Amino acid sequence: MPVVLIGPPGAGKTTVGRRVAKALGVPFTDTDRAIVAAHGSIADIFREHGEPRFRELERAAVAAALAEDGVVSLGGGAVLDAATRADLESCRVVLLTVSEHAVRARIRGHDRPLVDGLDSWRRIVADREELYRSLADLTIDTSDRPLPRIAREIERFARERQP
């Protein structure tokens, strides 16, 4: 049963996910990076094919990642897909949150098609927060906690929830 990290852009899903996977001795998959490896940059996909095509590719990447046991970091919008939400019911889901203050430095200079500064980040968080919380088995704020501590907490949660 995979451990799945969800949350808004800049919450630290990839960074934390790598550490948790290493601690658990399981594979790590970042679905956004899987899409980039197979199809090119996310910004290019959005620009050339639009968001609907990106969401199709994302859904396929999520389904493939969840079919394996490991730690999976989902792109911030992956939970918008009903099939993905249904798949998450059989996973250990961790919501990573982050304050506006902490995310400011994290999103600066990154190529995130739907995040063009703090205003768009705020809108995304407002639009998705209820959905994120409804899916989460555990919620952790990554704003100012040490990364090793966050990873240990998720590792402990994952071991306690092993099937």
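Including glycine, each Cβ sits where the backbone N, Cα and C put it.
Going by TrEMBL, these are the annotated features:
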type    : residues                                 : note
BINDING : G10, A11, G12, K13, T14, T15, R112, R145 : ATP binding site
BINDING : T14                                      : Mg(2+) binding site
BINDING : D32, R55, G76, R128                      : substrate binding site
Quick one: of the binding-site residues A11, K13, T14, T15, which has its CA closest to the CA of R128 (substrate binding site)?
A11
CB contacts for R55 (substrate binding site) [other CB atoms within 10 A, all chains]:
17
Including all protein chains shown, what's the count of other C-beta atoms within 10 A of the C-beta of T15 (ATP binding site)?
18
Collapsed DSSP category at R55 (substrate binding site):
helix
Span of D32, R55, G76, R128 around substrate - largest C-alpha separation, Å:
18
If you run the three-state DSSP split on T15 (ATP binding site), which class comes out?
helix
In whole Å, how far is R55 (substrate binding site) from G12 (ATP binding site) when you measure between their Cα atoms?
21
Of the binding-site residues G10, T14, T15, R145, which one has its Cα closest to the Cα of G76 (substrate binding site)?
G10
In angstrom units, rounded to an integer, how far apart are the Cα atoms of K13 (ATP binding site) and D32 (substrate binding site)?
11
